[in-house]
Amino acid sequence: MLFDCIEKNLKTWFGFFGCFVYRHEVFFLVAPLCVSGLLGAGLSHVRTDSDIDSLFSPYNAPARKERAALGGLFPVEEPWEYRNPVQHGEGNYVRVLLTSPGEGNILTERYLQWVRWIDDIVTSQVVTFGGVNFTYSDICAFEDGECVGEDFRRLLHVLDIGSGSLSYPVTMLEDGQRLFVGNLLGRIVPAPIRNLLTSVASAGAVQLLYYLRTNDSLHDHVSRLWEDEVEKKLLGLETRDLQVAVSTARTLEREYLENSAGISARFAGTVLLAVFAAGALCFTADCVRSKPLLGVGGVVTACFSGLASAGLISLCGGAFTTTLVPLPVLLLGSSLHDTYSMLSSWRQTSERDDVKTRMSETYQRAVVPMVFTYVIQVGFLFLQTIDSYRVPQLAVVTICNLLLFFPQDVYFTEFGPRIAVILRGDLRYWDPAVQDGLENLTRTFESIPHISAPDTDAWFRDYRAFLNTVGGRKRADKLKYIKRLRQFLNTTAFRRYRHDIVFKNNQKNIRASRIFLQSKKTANYKELIEVMTSARKVARESDLNVTVYNPAFMFLDQFAPILPEALENLGITGFCFLVFAMFTVTNFRSSMWVAILTMSVMTGLIGFLTVLGTNLDPATLGYSVFALGFTIQATSPTVFAFVRAQGPTRTKCMQSTLVYYSMPVVQTCLTLMFAVLPFTTAPSYIFYSLFQAVFTLCALVLLHALVVMPVIMTVVGPSKEEEITDSTASTPNKETSSGPYQVSAV
C-alpha cells in the first residue's frame, strides 16, 4: 500500500462516526426523513422534457452543427424538402398509409375509389379555433400557389391518362416535371422493362402526405389540432377493402409518453417484490440475529434516496425525461448492497460488546469499502462529463430505432432518407472548370453504397443541359449565366430548383446552393450510419465548403459511436479503479484482478444481451455504466478482505472471507432478480430490456463473485506464508469473527 494511513484514518474516523450515530440515534432517524421530504418537495416544481430531438441526440452531435450551419440559408423545418418526411419528426404533417389485402393491386379503380374517398375525408376536415373554422386549404403548406403534397393527385392524373402505366421511381409529368413516386407507392411489382425504364405492374400500398404550416404560432397550433382530429377520425373508420394506418408528426412522441406513463403499476410491483425479498433474505435460523425489518428498511431507504435525488435535480433546474425512468431500479441495487453490507458487518461483531462498540466496528468494516466504490464511480462519471452524451440518459433505448424505422414499414423500404448536399461560399458556377469539379463531387457522392445515382436532384446538371440547348456555354460569362439561371428557374419543368439556390446582392451572386442524394433500401440502421459517415467523409475531403444533412442524422449520430463508447467505458473503468486502488489497496495485483473482473462482467453483459436479441445501443451502454459500479461493489470488498486475511493457506483465507462477504452479494442479486420480474410483461422495449440487463447482470455478478474471483485469488493471490511469518512479530488484532482466521475489511 502506498498510503496505508488513508485507510487507517478512514477507519478511525468512521469508527468515531459510528459512536456518534449511536449517541444521537433519534436525530439520524428523523433527519434523513426530513431532508428527503424537503428535497422531494422539489418535485412540485418539476418540468418535463418530451422533446424527441433533445432526448435522443448528443449535445455536440455533428448533425446539430450541420443544422446550425444551414440556419438562414434553407428552410430545414420544411419536411417536404426531404421527400420522405416520415424519417424524421420535423414540421407538421399527417401521413396516411393505405394497403390492399393480400395481393390486391391498389392501382385498380376498385381501390382507387376508396383512396379518393379517404382523401376527401381528410381534406374536408374542419377545426375551430378562436371562433374561426379552418380547413386543410387554410393551413396547408403552400408552394407555387398550391398545397404541398399534391404529388398524389398528380399521380392519379398520370394513371387516368396513362391507363394505369407509370415508370418507377420517377415519372415524367405532362409539363416536364419529374414526379418521384418512390415514397408514394409501396409493395411494388415491376413490369417487364421497356426502353430502359421500370414500369409498375401493381402496387399494394399507397401513401398520402399532408403537410401543414408552421411559419407562425397560430398556424402551428391550428395544425396540431387538425392533425389530432384527422387521426381520430381515420382511426375510427371501418373499411372492408383497405387497411388504414395514420400517423402525425407527434404520434411517436405521444406513444412514447403513453408507454412510459403506463409503467407506474410495474414500479409498484417492483417495490413490493423488493420489500418481500429483502425481508425474506434477512431471516436466519437464529431468531435473535435475524433482522428482516432491516432488509425492508433498506428498500424504504432506497426509495427515500431516489425521492431526494429527483427533488434535488428538479430544484437545480433539471427536467424530468421518460428516459430516466429505469434509474430507480438501478439505484435500488446499489442501496440494497450497502444495506446488506451493513447488516453483514453488524453480524460479524461480538454480542458480548455493547451497542456503541458494535456500531463503531460496523462502520469501520462496511463504510470504508462503500467510500472506495463511490469514489471510483464518481471519478468515472466525471471523466464521462467531457463526452457528448448525458450519462444518466445513456439508459435511453432503441426507441430511436422506432423513431427511424417505424414509419418505414415493409411497404416503403425501397428508398431511404433524402440527403441534402449544401455548397456554401463564393463559387464561380459559370466557370466550366468549377462545373466539372461539381460534377466530379456529385459522382463521388453517388459512388457511396446505398446511394441511388439516377435519382439525384442536381440543379446544375439540368441547367448545364439547358444551357447546351439554348447555346449558352460558348464562354464563361457571369452575367449571362445568372440571367439565364433565373430564366431556367422560372421554367415549369425546373421550377422545383428555386428553393435550392440562395442568391445575394439583388440576385447578382449565388450565396449557396444544394443538391439532393437519394439513398436506397437499407437493411438496418447500421447501413444508414455507413451512408451518413461516408457522405460526411466525402464532404470533409472536398476542397469546397460542403455540408451534408438530413434530419435523420440527429438520431443516427447517437448510434454511430456506440461501440467506441463501450470500449472507452471499459478502458476508463480499469483506469479509474487502478488509480484509486494505488492509494487504498495493500496488494496492487489484486486491484488489477478486480478491474479485470469488472471489465469481464461488462463485456459479458453486452455479449449476453446481444445473444438475447438486444442490440448494442445507448441502452446497453447505459446498463454497462451501472454494471461497473455494481460489480466493484460486489467483488472489491471480498478481494481486499482476502488480501488482509491471515491464515495458513490461500484456500483457508478465501473460505473464511466468503463466509462473511459473499452473503451481501447473494442477497442483493436475488432481491434485484425478484424486483425486476414485473417488467417481463412490459410493452415497451425500454423496460423489457431493463429486465434482461438486470437479470443478466445479477447472474454474471454471482458467477464472478462466488466462482471466478475465488478461484483466481486462490491460485494467483498473494501468498499467506510470508504474512503469517511477519504477523508473529506483531501484536495480533482483535478477531472479527468466531472463525480461526482474521478477516479485516477495508
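Quick reminder: no glycine exception, Cβ is built from N, Cα and C everywhere.
The transmembrane segment annotation in TrEMBL covers 267-285, 292-313, 319-337, 366-383, 566-585, 592-613, 625-645, 657-679, 685-712. The domain 'SSD' annotation in TrEMBL covers 288-422. Here TrEMBL flags 723-746 as region 'Disordered'. According to TrEMBL, the compositional bias 'Polar residues' annotation covers 726-746.
Within the same chain, the transmembrane segment (592-613) stays apart from the transmembrane segment (267-285): fewer than three Cβ pairs sit under 8 Å, each pair at least 6 residues apart. Within its own chain, the transmembrane segment (292-313) is flanked in space by residues 32-33, 35-36, 38-43, 46, 271, 274-275, 278-283, 320, 327-328, 331-332, 335-336, 338-340, 343, 667, which lie at least six positions past its ends and keep a Cβ under 8 Å from the stretch. Per-residue pLDDT, averaged across the domain 'SSD' (288-422), gives 69.
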